[in-house]
Every structure is written in C-alpha cells, then in structure tokens.
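> This is the structure I want to talk about, given as structure tokens.
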Amino acid sequence: MSLQMITISNNIALIQPGFSLMNFDGQIFFFGQKGWPKRSCPTGVFHFDIKHNHLKLKPAIFSKDSCYLPPLRYPAICTFKGSLESERQYIIHGGKTPNNELSDKIYFMSVVCKNNKKVTFRCTEKDLVGDVPEARYGHSIDMVYSRGKSMGVLFGGRSYMPSTQRTTEKWNSVTDCLPHIYLVDFEFGCATSYILPELQDGLSFHVSIAKNDTIYILGGHSLANNIRPANLYRIKVDLPLGSPAVNCTVLPGGISVSSAILTQINSDEFVIVGGYQFENQKRMVCNIISLEDSKIEIREMETPDWTSDIKHSKIWFGSNMGNGTVFLGIPGDNKQAVSDAFYFYMLRCSEDDVNEDQKTFTNSQTSTEDPGDSTPFEDSEEFCFSAEANSFDGDDEFDTYNEDDEEDESVTGYWITCCPTCNVDINTWVPFYSTELNKPAMIYCSHGDGHWVHAQCMDLAERTLIHLSEGSSKYYCNEHVEIARALQTPKRALPLQKPPMKSLRKKGSGKVLTPAKKSFLRRLFD
C-alpha cells in the first residue's frame with residue numbers, strides 16, 4: 001500500500017464530506033457539492049483529472065435529452081450492466097439536495113459520447129411504483145443477478161423525522177430508516193419491501209458488497225442505540241419466474257466500523273479503509289475481504305504508513321476511485337493564518353493490478369458540507385460506499401485531452417479580475433445585491449476602449465447601481481476616475497457682452513451732416 005499527497009489547483013472548496021466518485025472505464029468523475037452548482041457546471045459533476053499527483057477539476061457535459069441531476073451528497077450509488085456488454089451505467093438514489101432536503105429519486109447516468117477531449121453524459125430519472133423507499137441518505141444500493149434476471153437491492157439509511165413530529169427545534173433531526181429490504185425492478189419500475197426477522201435495527205453508513213445473487217452487509221451505525229455493531233449479514237436473492245425469494249443469514253466474523261471506504265483489488269478481493277470504530281476514534285486498521293463461492297473471509301492487512309496529520313486528525317472522509325485506489329481527505333491546519341480547508345491523499349491498495357497509465361491517472365475527474373456545520377462523527381460525516389464483485393475495472397485504455405483546448409473562464413464573462421483589489425471569486429461568490437441571482441452585477445467603465453467592473457468591487461450602493469443602470473451617463477471605475485477628471489474639458493463660458501458704441505449718425509437716416517449743420521445743432525441744444 002502506498003500513500004501520496006495530492007495537490008489541487010482549482011475548485012478545491014468543492015471537495016468536502018459527502019461527495020462521490022464514479023469510474024467510467026478508468027476515467028474518474030466527481031459528483032456532489034454543497035449549495036447550488038456552479039454556472040460552468042449546472043449538475044455538479046466534474047472530471048477528476050490527476051496527473052503526477054496534481055488534481056484539476058473540469059466541468060462535465062450532459063446531453064440535451066438529460067434530466068436535471070442535482071448535486072446530491074451522501075447518496076447510494078452502484079453500477080449496472082446494461083443489455084450491451086460494453087454498456088455501463090451508474091444508479092444514484094437518495095442523498096441530500098442543495099437546500100438540505102432528502103431525495104427519493106432514482107437517476108441513471110451513462111456515457112453517450114467519448115472523444116479525446118471530453119465525455120458527454122446522459123442522465124435519466126426513473127419513477128417507481130409499489131413500496132417506494134422513502135427519501136434517505138447514508139444507505140446502500142446494489143445489483144444482484146439470478147436466473148438471467150437482475151434486481152436492485154436497497155437497504156438502510158437515515159431520514160428526517162415525520163412531518164407530524166418535526167418542530168422548529170427538531171426540524172433537521174434524523175432517525176434510522178426501518179430495516180426493510182427493498183427489491184427494485186428497474187425494467188418495470190416496481191419496488192417491493194421485505195421484512196426479515198434477522199434485521200432488527202436500522203443501520204446506516206455500512207459496507208455492502210454484491211456478488212451474483214448475494215449481498216454482504218458489514219458494520220454500520222445504529223442511531224437509535226448509538227452503537228456500531230460488529231454484524232455481518234448475508235442477503236441472498238432468488239429471482240424465479242414467480243415472486244422473488246429473499247432470505248438473510250447472520251454470519252460470524254464481522255467488524256465494528258462505520259463510514260468505511262471499500263475498494264476492489266481483484267475479482268474476489270476487496271479492501272476496507274478508514275471509517276470509525278467508536279464515537280471519538282477513527283479506525284486506522286485496514287481489512288481485506290475475500291469472497292469465494294458462498295464464503296466470506298475478513299482479515300487484517302498491513303496498514304499504510306499514515307502521516308502524522310492523518311493520525312492526529314479527528315475526522316477523515318473519502319471515496320473509492322476504482323482499481324484499488326482510495327481518495328482521502330482530512331481537515332487542514334486551522335492554526336496557520338492561511339490554510340486549506342482540507343488536505344487530500346491518494347491511497348493505492350494494490351500495485352500489481354494497476355498498469356502504468358492508471359498509476360499516473362492521465363485520464364481522470366470532482367458539495368459541500370461546511371466543516372463547522374457538524375461535529376465529528378455525526379451523521380453528516382458518515383459515509384456508505386458499496387462495490388460489486390463484477391464491477392472491477394480492468395486495464396482499459398482511455399483517451400486524454402489537451403488542457404490548452406479548455407476555455408479559460410478566469411478572463412471571460414462575469415468571472416474576471418476587474419481591478420487590482422477584485423474580490424469576486426468564481427468558487428466563493430455569493431449574491432451581494434438583491435438584484436443578483438446567479439452572477440455578480442457589473443457596470444461599464446468608459447475609460448479608453450471601455451471595460452467591465454464588478455459593482456461590489458467598486459463599493460457601489462444598490463441604489464446607485466440601479467440609478468446608473470437606468471441612465472445613459474458615463475461611469476468611471478475607481479482606478480480610472482482620476483484620469484477621467486484630469487482629461488475633462490472645462491465648461492464653456494459665455495462671452496462677455498460689450499455695450500455698443502453710440503453712433504453720431506442719426507438712426508434710420510443715411511444722410512451725412514455738414515459742418516454748418518453740426519454747428520447749428522450745437523447752438524440749438526445749448
């Protein structure tokens with residue numbers, strides 16, 4: 001096992017507890033973020049591009065016939081094999097929506113176009129009838145295959161209290177979902193619940209492994225009893241022509257763990273990493289799980305060389321990248337004046353089954369829960385990760401794309417640096433004026449060829465902003481206003497009015513007076 005630190009160049013604030021990773025033929029995609037998605041990626045799905053231990057997040061593209069996929073956090077995710085051998089899609093159920101509500105919807109996510117630059121996804125929503133599972137998070141969903149048919153199996157999770165019991169003080173209080181097993185027929189959209197006597201308590205953030213017609217459920221956390229029981233269940237599903245048969249067997253040899261990350265290293269072996277074993281203690285031990293026929297064996301394995309930061313951190317989180325690799329995150333050092341919110345690592349649990357191209361992750365791709373919003377080991381910090389024994393990714397070849405072909409959004413549109421003190425960041429921007437919805441307000445500076453500046457950076461009052469937007473007068477930003485004043489032409493002054501000189505010529509007469517007449521007139525008036 002090898003542990004390497006990962007540096008992130010952009011959008012690091014998106015990677016927080018609650019995210020999920022999806023592996024499409026070796027390409028990794030990040031899903032889930034807190035708050036409404038970015039303008040550049042309306043669904044919150046990003047390509048997880050890791051090269052030489054350096055990560056970049058690039059927005060994913062969806063086809064025009066896709067439905068809206070909210071950036072769900074803590075959903076249940078599994079892979080599903082379609083009718084075609086090469087067709088592979090992910091099933092997403094539940095999770096927390098951007099406004100902290102719980103989803104009860106099921107989405108199918110598949111690749112419709114792939115070239116050397118970008119991957120285009122299609123997302124469709126599936127409606128269910130029958131015993132529809134309630135909205136939840138922290139649960140698991142897996143696919144079982146029996147007698148040539150397939151069925152989804154959903155179990156566990158947490159949900160909000162019933163609306164009749166929710167008060168202002170307990171509006172966000174959650175409870176364990178009933179320990180029912182749900183079989184979901186995705187072809188016909190039917191769901192059926194089963195009550196098994198072996199499953200007495202609700203569990204969440206457990207580990208689930210599916211192989212053929214069997215699912216193994218390991219560990220988890222019971223919110224009602226506040227315990228992490230060392231349970232190990234085997235759920236076997238038979239799909240004859242008639243009604244399905246579901247039975248449960250309690251097996252010995254379970255372990256006490258919740259929020260663990262599960263990754264697959266070959267067709268019959270898995271590795272459990274991370275999680276918590278007690279209320280205030282991380283589980284630093286790693287386990288390897290072997291599946292042979294209908295037997296399961298769990299044993300401890302050599303732990304990686306954990307760094308001191310990982311050892312002393314109170315919380316950690318992450319997700320499975322596929323190919324025996326796990327992505328881990330821990331809180332940053334708050335003692336420093338300038339510190340990242342989280343530090344990230346990549347743990348490779350198997351070196352033998354990963355080729356050189358996959359080691360460098362030249363092909364790969366990325367909700368967020370504020371660390372201050374929840375204390376360590378609460379439900380918001382718990383995770384459930386499941387895997388299927390038939391979903392192991394081989395040494396598939398994949399295409400790469402040239403980063404230089406990507407549009408640089410830092411100098412286009414509203415996401416620009418308008419002045420030396422510009423404080424509008426595409427990753428952290430929030431509405432400042434009441435007139436703003438999904439982009440910062442801007443105003444045009446008339447200096448030179450003109451340029452756009454953010455109204456917030458110019459310290460404009462909202463009344464002034466509205467006044468300027470309604471008028472046609474020129475505006476100069478703080479940086480250019482002095483230049484504009486210096487070049488301003490003085491106001492044109494009216495010319496001085498000089499009194500007209502009196503004419504000795506008789507008004508209205510064109511005759512000239514002779515000297516004799518002038519002398520006569522002087523004597524007359526004197």
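Positions of Cβ are set from backbone N, Cα and C atoms, glycine also.
As annotated by TrEMBL, region 'Disordered' applies to 357-378. Per TrEMBL, the feature compositional bias 'Polar residues' maps to 360-369. Feature annotation from TrEMBL assigns domain 'Recombination activating protein 2 PHD' to 413-490. Look at TrEMBL and you will find CYS418, CYS422, CYS445, HIS451, HIS454, CYS457, CYS477, HIS480 tagged as Zn(2+) binding site.
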> Under 8 Å Cβ to Cβ from HIS480 (Zn(2+) binding site), same chain, six or more residues apart: give me those in sequence order, or none if nothing qualifies.
CYS445, HIS447, GLY448
> Around the Zn(2+) site formed by CYS418, CYS422, CYS445, HIS451, HIS454, CYS457, CYS477, HIS480, which additional residues qualify by having Cβ within 8 Å of the site's Cβ center?
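Nearby residues not in the site list: CYS419, ILE443, TRP452, VAL453, MET458, ASN478, GLU479.
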> When the number of other CB atoms within 10 A of each residue's CB is tallied over all shown chains, which of the binding-site residues HIS451, HIS454 has the maximum?
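The largest 10 Å Cβ neighbour count belongs to HIS454.
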> What are the DSSP helix/strand/coil residue counts across the domain 'Recombination activating protein 2 PHD' (413-490)?
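Residue counts in helix, strand and coil order: 15 helix, 9 strand, 54 coil.
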> Ranking the binding-site residues CYS418, CYS422, CYS445, CYS457, CYS477 by other Cβ atoms within 10 Å, which is at the bottom?
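The binding-site residues CYS418, CYS422, CYS445, CYS457, CYS477 were compared, and CYS422 has the fewest Cβ atoms within 10 Å.
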> Over the span of the domain 'Recombination activating protein 2 PHD' (413-490), how high is the average pLDDT in this prediction?
78
